[in-house]
């Protein structure tokens, strides 16, 4: 059996009881470590806490391992119980859907244990979940690569009065361009996690490029950091205001606010930007 288990967003205690039972009876436990992170990141202490709480050694699975060697994990699940741990909910990334398809194609039983994810946890700010349009991803810009396909999606959402959840880039164990060119042993860039501030800077750059007045410095947004953890940060304000806020450690995400209901506005007041945020 292959168990794909959502861990939630905070720490090791956010796993569901059903998920914990599945982990404890698994012979091997992998943890996906590139589409999201728990509040402690990838620190050795954090991983040790997970292993103590779950009572199992945990193998960190980076992007290369999951996308290139998933077959080995699936083979192990033919005759054994194998757990694959995912921060948030298992289907927050297409990679995990692919894993299910491959396992079922080979006749391996799959059981999914759901949990909270950023997709529903953003509801804490008071913006109603059914009032969101398509979610977009904001990638890190480079000197030669500045993709902006998210702009048209935000434009469509705003034309319909809908809120837009922006998921911000995470770059963990990414090979350096130089090592890819050389071939042989790969060298990796240090981890990078996009901040709300960087996301807004890039969004405004794209707006300036297109000039369709989809959003601007005065557009209302909500910035989030470390959703689901005890020290989560939530601030509502204009893009210009949020660009100067210190949201602290990752992970961050951003919501561009659409048309609001009075109840939504009342909730947002609790998180309103104050000078000194």
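Every residue gets a Cβ built from N, Cα and C, even glycine.
What Swiss-Prot says about this one:
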type    : residues                           : note
BINDING : 9, 89, 92, 117, 118, 168, 227, 252 : S-adenosyl-L-methionine binding site
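Shown here: features listed in Swiss-Prot, placed on the structure.
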residue	record	Cβ within 10 Å
9	S-adenosyl-L-methionine binding site	24
89	S-adenosyl-L-methionine binding site	25
92	S-adenosyl-L-methionine binding site	19
117	S-adenosyl-L-methionine binding site	22
118	S-adenosyl-L-methionine binding site	20
168	S-adenosyl-L-methionine binding site	22
227	S-adenosyl-L-methionine binding site	22
252	S-adenosyl-L-methionine binding site	24
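Taken residue by residue with DSSP, residue 118 (S-adenosyl-L-methionine binding site) is part of a helix. In this structure, residue 168 (S-adenosyl-L-methionine binding site) is part of a beta strand by DSSP.
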